[in-house]
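Quick notes on the structure that follows.
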Amino acid sequence: MSLTTILMTVFSTTFVYAAPLIFTALGGTFSERSGVVNVGLEGMMIIGAFGSTVFNLTFASTLGSITPWVSLLIGALFGLVFSLLHAVATVTFRADHIISGTVLNLMAPALAVFLTRVIYNGKGQTPVINQSMGDFTFPILSKIPFIGKVLFTNTSLVAFIAIIIGFICWFFFFKTSVGLRMRSVGENPTAADTLGINVIKYKYMGVLISGFFGGIGGAVMAQSITLNFSASTISGQGFMSLAAMIFGKWNPLGATGAALFFGLAQSLPIIGAYIPILSHVNSVWFQIAPYAITIIVLVIFLGKAVAPAADGQNYIKGE
Amino acid sequence: MHTKSLKGLVIPLVSVLAGFIVGAILMLIFGYDPIQNYQNLLIGSLGGIYSIGETLRNMISLILTALGFAVASKAGFFNIGGPGQYLIGWFGAIVFTLKFSYLPAILLIIGALLCGALAGGIWSMIAGILRAYFGTSEVITTIMLNYIILYVVNFAVKSWLASKGSDSSPNIVSKANLNTEFLQHITDNSTFNWGFFIALAVVGLVWFYFNKTKSGFEIQAVGLNESASQYSGISVKKTIIIAMLISGLLAGLGGAIDGLGNYENISVSNNLPNVGYNGMAVALLAAENPIGIVFAALLFSALQIGGLSISVYSNTPSEIVDIVIASIIFFVGIKYAFEIMVKKGWFKGKNKARKGGAK
């Protein structure tokens, strides 16, 4: 295999596996920047994967090749509605954020598989979708010598969109006043409140946006990797996204970069076989790499002080 | 006064009731008969010797993982590592039994259970050490450790224990099985096993530990106020590590007992064992009280075992019971909502409290 082909395979598989993680990790930053800890990303992904798959299967014949893209939005809406549970519990009813997130993770697979059985005559998994997100070759960029072949041929369009959204999120948080307000709510809600910022509103916004992106993440997973929905469609990707968000220091660009790196780690067992040096390395190392690296990074590089200061605390007005 | 009594039994009871109502509403929406299904659930879980045996057996690992979660939680830590600690305990027990199958039965069983429990304890202690010395959030490390151990165990089972082309280890020798012929005989061939009595004994031990020992007191002191404990001479670092160690020991023991008494081997799996998460749910419903955990485990175990028969006798998906369980924990989590209702005078007298929750 030539170097160009190897690199092309490495990049395209990395992008395919990173895309769901990028969206979900970005979702995580919204929730946690507004001060709501979100261990429920896994659950949000599951609901997004479910909603998008059912929509895809139902409307593929009418919508044709645009179906997977519309399905992403439907998955996002499912995730958003589902995340309302987390928002109501943590923001309005002052529930412990981790308990509430755990409820999402318990509820999502139960509810999604329940509904799958209701819709598909008792079967625990949906049929395979016909309209999936296939490979994409960029029209002009792919003509660039070498780089065009490596980066822009037969690759994952949705991953490029995810990266662009990562930049947009960074711009939102650090260059717009709404983003600044959201961050201030996560750092010091009392001060934010004093300045007339509606703390409750921003926290709701943060959690709902995280549900929206988590839903997209799940939908991307189902539309481009598993191609159906079952209890095992999302198996740990939500937690890996959480890890990416932490690894990326609660910064959208950091989270995007970390998610890309974890995507690489996930794709290595698949492409390792083609790469001479890697073919002797046991795949278990690639599997545990994202999680082990997260722990090591947390221990060595990050103290406690990196998370938003009021992350995980309930805001009680007047206290 | 009201708030205090709410924190006792009322919140769990109202939450359970509300959870069942959510389940019933969902069944009505999709055209299933809630009364019929709840009846099947009751019969399927407690309606005969066999089903009682299954329900009690399923309680074992729920009790032990819940106790594990509770111990860490008393020290102020959220140990989400239950699934991983349970898995490594299961793995450790099976490995020990396979390697030392020549030992006499009693030594083999004790060794396997200890091996499993220790494996769980050490795995969990990693998170404790990182928390104590580096301040690393145990929530994140235990989640990461869960997935690391999932892949490591899968790898170990596939490349060391399973024969070529197989995804499971060989079965353990029958003398190590906790589900003895005698128990099978008196429980209509259910999987009920001696582990149940071990679990009950451990409940007593944990209760004793919390209420009668210095170390147990220190754990709770650290959970209540870390700096005050430090000031009064408790070694906070040591206490954190001990709490996480015990927490993992208990979850690991749960996995070891299930390995010997129920599964009799270990297989490659795509997902972490759900029991770890369900154990958390049990502990949360019981407000981390060891005695309460027994009753909460009975409830969730009955739901799970009874849930199996829901889909046998009707076309209602059995996942409805998991929805009920998740809803119950949701309501436990939002107990502040109940406090608001009390303040606004929604509850007048204890008897009407249940009706209030139903709204």
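Quick reminder: no glycine exception, Cβ is built from N, Cα and C everywhere.
Per TrEMBL, the features are:
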- A:6-27: transmembrane segment (TRANSMEM)
- A:39-60: transmembrane segment (TRANSMEM)
- A:66-91: transmembrane segment (TRANSMEM)
- A:103-120: transmembrane segment (TRANSMEM)
- A:151-174: transmembrane segment (TRANSMEM)
- A:204-223: transmembrane segment (TRANSMEM)
- A:259-278: transmembrane segment (TRANSMEM)
- A:284-307: transmembrane segment (TRANSMEM)
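Comparison of A:6-27, A:39-60, A:103-120, A:204-223, A:259-278 by number of C-beta pairs under 8 angstroms to the transmembrane segment (A:151-174) places A:6-27 first. Highest Cβ contact count with the transmembrane segment (A:39-60) among the listed stretches A:6-27, A:66-91, A:103-120, A:204-223, A:259-278 falls to A:204-223 (criterion: pairs under 8 Å). Only sequence-distant pairs (6 or more apart) were considered; of these, fewer than three Cβ pairs between the transmembrane segment (A:6-27) and the transmembrane segment (A:103-120) are under 8 A, so the stretches are not in contact. Sequence-distant residue pairs (6 or more apart) of the transmembrane segment (A:103-120) and the transmembrane segment (A:204-223) include fewer than 3 whose Cβ atoms are under 8 Å, leaving the two stretches without contact. Below 8 angstroms of C-beta separation, residues 27, 31, 36, 38, 40, 43-45, 47-53, 55-56, 59-60, 97, 100-101, 103-104, 107-108, 129, 131-133, 158, 200, 203-204, 207-216, 218-220, 222-224, 314-315 of the same chain, each at least six residues beyond the ends of the transmembrane segment (A:66-91), sit close to that stretch. With a threshold of 8 Å between CB atoms, the same-chain residues lying at least 6 positions outside the transmembrane segment (A:204-223) that come near it are 19-24, 26-36, 38, 41, 44-53, 56, 68, 71-84, 86-87, 90-91, 129, 132-133, 158, 162, 182, 185-186, 229, 233-234, 237-238, 241.
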